[in-house]
Amino acid sequence: MAQAEFQQQNPPSGRSTVFGFRDFFDFADRRLTTSRFGRLFRLSGTGHPNEIHDTTFIREFRAGLTTFTTMAYIIAVNASLLSQTGGTCVCDQRPHALCDTDPHFRACKEGSRDLITATAAIAGMASIVFGALTNLPVALAPGMGLNAYFAFQVVGVNGSGSVSYKSALTAVFFEGIIFVVLALTGLRQWLVRLIPATIKTATGVGIGLFLAEIGLSYSVGIGAITGGGRSTPLALGGCPLELIDPLSGMCRSGLMTSPKMWIGVVCGGIVTSFLMAFRVKYAFVIGIAIVSVLSWPRHTSISYFPDSDEGNARFDFFQQVVAWHPVRRVANSLDWSFEAGASHFALALFTFLYVDIIDATATLYSMARFCGVANRRDGDFPRSTVAYCTDAAFISIGALLGSSPVTVFIESGAGIAEGGRTGLTAIVAGLCFITSVFFAPIFASIPPWATGCTLILVGCMMMRQISLINWHYFGDVLPSFVVIAFIPFSYSVAYGLIAGLFVYAVLNGLVGLVVLISGGRIEPREYELKEYWTWKGGGRPPWFVRAIDAHRKRRDAVRELETDDGRDSRADSAAKEYPVAAS
């Protein structure tokens, strides 16, 4: 019966087959989708009462591969950023920049290979557990932005910051524990429900622009834009890296002449878009694979392995193909002595908390909304408590492996755009990360210009939510615009959301005050069209509140029943002792 329903929802395409391969492929997809395994993830045709429409095993598998390929850069980038701190290596030279001239310190910093393994392992474990427990197509990994803050502001280059690497890891560990408590008490979910609906929608749109900006940048994209000076904070790029002025960050010459950018635009952008127009299922994966393969040969203008020390090191690592590098130096490096002092430690912990709670919470809601499972009225989604607790737990586990905070990755939107709707997508992405622990040389060699256009296309898809913003009332329009603008230009989801909430509170607070004082006689135009908001947040109370309330009701019911039984027994005794009076 389940297979018949599956065939009705997914009819044969009628295309020719090669040696019956497609028939076998479709048969295997059908069997896996309608099996007990598929029922666990509520795939289409399994007969589950809450099955998710238009989901198949192959579609989820493909979406997981897409998510992984767009996130794979984090393996190399996170390791590179965190290695700038020197990790557990100690250098006594001042200034700290001279530490790189010490051969022993340089050799110790090779622990970045430890961080490659740690990053891949924590991303794999977190994504698998998150997908299995929440059934959401969202992958987790050490977050971009938070790792840069960890490396350059908290610990500093070669340990030049106010907090040591070990103490910073301890702060991250405590952050995860605090997040678990907030999730279990329902405060984190309440925070999501407290945010106005139009702001939450604008956050998804802003994340789309943020993804597009990342895809256009040099560090993780095609290199079409670059940071300028004071007069031009964002400038046109597209020049080879060697033509960028290190002081101004702008191209000295050769605008839009970079072969790497153009191979990314043509093969990663135009080809992928063409395939998407014809609904080719592996469009994102095909685009990324084409650009990567074309960028691997040496001695070409688009090679990811140029003739330089860095290029030679990359190529030597790439040639290993299969390599296992255990985590020796950075694992279990927490410092419980708080050498940096309580004030610096508390500042780092507080900053991690407020940035991560807003960033991760807003991103998770946007991803849940993007895949269609979020309740727009109260901002909640299925298994939200489990989702927040899992995210929080792996923040602490990541600290034990020497990593900066783990968070929900906005690149998960690529897998959702590819059709991912269940936790199977996250599990496949996690398995790819676990595999990359052994194939790190391959996955760490996907160039940024291979994934840049994929991020731009995902950003385009997320922009569709902009039509759901309440454009009828200015008190909702302006805060939403501030969120959309600030997220990409501040390069932070958290700061963009904070800016929008500030404008929303001030503007609507002043309007509400005028309406209250005037007794409703003075109101802005179209005031009746504003979205309803309450500080109570709406939605169900936290699980423990519901449990306590249910226990109290059961206890009252038992007491009432016992009282009724007592009355009946006393009445029976009175009837026997005074039969006339009782009658």
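Counting begins at 1 with the first residue displayed.
Any Cβ shown, glycine's included, is placed from N, Cα and C.
Values in this document were obtained by computation on a predicted structure and should not be read as measured data.
Look at TrEMBL and you will find 168-191 (among others) tagged as transmembrane segment.
Sequence-distant contacts of the transmembrane segment (203-225) (same chain, at least 6 residues past either end, Cβ-Cβ under 8 Å): 73, 77, 144, 234-238, 241, 244, 256, 258, 260-261, 264-265, 268-269, 362-363, 365-366, 369-370, 410-411, 413, 448-449, 451-456, 458-463, 465-466, 469, 483-488, 491, 493, 496-497, 500. Annotated transmembrane segment per TrEMBL: 203-225 (among others), in sequence order.
Here TrEMBL flags 261-294 (among others) as transmembrane segment.
Summarising the annotation, TrEMBL assigns transmembrane segment to 345-365 (among others).
As annotated by TrEMBL, transmembrane segment applies to 385-410 (among others).
Per TrEMBL, transmembrane segment is recorded for 422-443 (among others).
The transmembrane segment annotation in TrEMBL covers 473-491 (among others).
According to TrEMBL, the transmembrane segment annotation covers 497-517 (among others). Residues 195-196, 199, 202-203, 358, 362, 475, 478-480, 482-483, 486-487, 490, 523-524, 527, 530, 533 of the same chain, all 6+ positions outside the transmembrane segment (497-517), place their C-beta atoms under 8 angstroms from a C-beta of that stretch.
Among the features that TrEMBL reports, region 'Disordered' is placed at 559-583.
The feature compositional bias 'Basic and acidic residues' is assigned by TrEMBL to 559-575.
Contact counts against the transmembrane segment (385-410), taken as Cβ pairs under 8 Å, peak for 168-191 among the stretches 168-191, 261-294, 345-365, 473-491. Residues of the same chain lying 6 or more positions beyond the ends of the transmembrane segment (168-191) and with a Cβ under 8 Å from any Cβ of it are 150, 154-155, 333-336, 338, 345, 348-349, 352-353, 356-357, 361, 380, 384-385, 388-389, 391-400, 402-405, 537, 539, 541-545.
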